[in-house]
Amino acid sequence: MADAPLILGIETSCDETGIGIVRGHTLLADALASSVAEHARFGGVVPEVASRAHLEAIVPTMDRALAEAGVTIADIDAIAVTSGPGLAGALLVGVAAAKGYALAAEKPVYGVNHLAAHVAVDTLEHGPLPEPAIALLVSGGHSSLLLVDDLARGVTPLGATIDDAAGEAFDKVARLLGLPFPGGPYVDREAAAGDPAAIGFPRGLTAAKDLAAHRYDFSFSGLKTAVARWVEARQRAGEPVPVADVAASFQEAVCDVLTAKALAACQAHGVDTLVIGGGVAANSRLRVLAEQRAAKLGIRVRVPRPKLCTDNGAMVAALGSHLVAAGVAPSRLDLPADSALPLTTVSV
Ligand code: KG4
Ligand code: ZN
C-alpha cells in the first residue's frame with residue numbers, strides 16, 4: 001500500500017468542516033472544525049450559520065490536514081468532496097473549495113455521496129469491505145439499510161426511515177429530558193446508569209401487519225411521541241422524571257429495532273457482514289447489541305471507532321481512495337452540490 005494514491009477528502013454537508021488524507025486504507029490526517037456549539041442554543045443545525053462557519057474554517061482546516069499528514073497539496077493524487085446529500089449552502093463551500101484546489105494544483109476531483117462515505121470509512125479501520133455486505137446507516141439526517149454489492153459503483157436501498165432519522169429521535173428525546181444538543185451522546189451517557197427494561201416503549205414497524213410493506217423500513221416518530229407522553233404524565237402527576245431509565249428504555253427500543261432489521265436483511269440476502277455507519281453508530285448500546293445478536297447468527301459486525309462514525313473528512317477520502325482503486329473516472333469540474341443526491345449515486 002506504500003505506493004497507493006494519496007487522496008484528500010473534504011466534508012462540509014452539515015456542521016462539521018472535515019478534511020482527511022488517506023493512502024490506500026491508511027489514515028494520515030483527519031482535521032475537523034465543528035460549528036456545533038454555535039447551533040446548540042437553537043436546538044438544531046442552522047443552515048446559514050453552518051455555511052458561514054465552513055467558509056471561515058475551510059482553509060485553516062486544509063492547512064492543518066496537510067501539516068498533520070506531512071504533505072503538500074502537490075503530493076495529493078486526487079481530491080474527493082461530498083457532493084450531497086446535505087445542506088445546500090454548506091455543501092457548496094466544500095464543492096467550491098475542492099474545485100479551487102483541484103484547478104490550482106491540477107488534480108482530478110471526485111464528487112461523492114456522503115452516505116456511501118459513511119460506509120467506506122470502515123475500511124480505514126478494518127481493511128477492504130467484503131462484498132456483498134449489508135450496511136446500516138444511522139445519522140442525524142438518515143436511517144437506511146443498504147445492500148452493498150459494489151461500493152464503487154452503486155448500492156441497493158432495502159429500506160429507510162418513513163419519518164424521523166434515528167439520530168433525530170435521539171436529539172428530540174434528549175431535548176425532552178433537558179439534555180444538551182446534539183443529544184445522542186448525552187442520552188447514551190445517561191442510559192448507562194438506567195434500566196433498559198424500566199419502560200416498554202414501542203418498537204416501530206415491527207408488528208406483523210407492518211412487516212409486509214415495511215420489512216426493512218424504520219419509524220421513530222411514534223417512539224418519540226410515546227416518550228413525550230410518558231414524561232408529561234410524570235410531570236403532571238408531580239413526580240420526578242427518572243432521566244436515566246427513560247434514556248435507557250428509549251435507547252433500547254431504537255437499538256432493538258435497528259439491529260433486528262439489519263440482521264434480518266443479512267439473513268434474507270445470505271450476507272455475513274454487517275457494517276454500521278453514521279453518527280448513531282457511535283452509540284455504545286447499538287455496538288454491543290449488534291455484536292451480541294450477530295455473533296449468534298455467525299454474522300460479522302464492522303463498526304468504525306466513534307470518531308470515524310460522526311461526520312469527518314477521512315470518510316470522504318476513504319471513499320475517494322476506493323473509487324480511484326476501482327478505476328472509476330473522476331467527476332467533471334462543474335460537478336454539482338446536490339442537497340438531494342440519491343443514495344444510489346456513489347459518485348457524480
Ligand atoms: O453522521 P452524523 O455526525 O451527522 C449526520 O450526517 O447527520 O450524525 C449526527 C447524529 C446526531 O443526531 C447525534 O445525536 C447522533 O448522530 N449521535 C449519537 C451518538 N453520537 C452521535 N446518537 C446516539 N448515541 C451516540 N453516542
Ligand atoms: Zn453523516
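A Cβ is built for glycine as well, from the same backbone N, Cα and C atoms used for every other residue.
Its Cβ taken as reference, H114 (Fe cation binding site) is surrounded by 27 other Cβ atoms within 10 Å in the chains shown. The annotation Fe cation binding site is assigned in TrEMBL to H114, H118, D311.
DSSP assigns S139 (substrate binding site) to coil in the three-state reduction, outside any helix or strand. Non-local neighbourhood of S139 (substrate binding site): H118, A165, A166, G167, G278, G279, V280, D311, each in the same chain, at least six residues away, with C-beta under 8 Å from its C-beta. For L137, V138, S139, G140, G141, D171, G184, D188, N283, the entry in TrEMBL reads substrate binding site.
Here TrEMBL flags 27-317 as domain 'Gcp-like'.
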Binding-site residues whose CB lies under 6 angstroms from ligand 2, from L137, G141, G184, N283: none
Packing count at D311 (Fe cation binding site) (other Cβ atoms within 10 Å of its Cβ): 28
Whole-number Å value for how far G184 (substrate binding site) lies from H114 (Fe cation binding site) (Cα to Cα): 20
DSSP three-state assignment for D311 (Fe cation binding site): coil
Binding-site residues: G141, G184 - member with fewest neighbouring CB atoms within 10 Å: G141
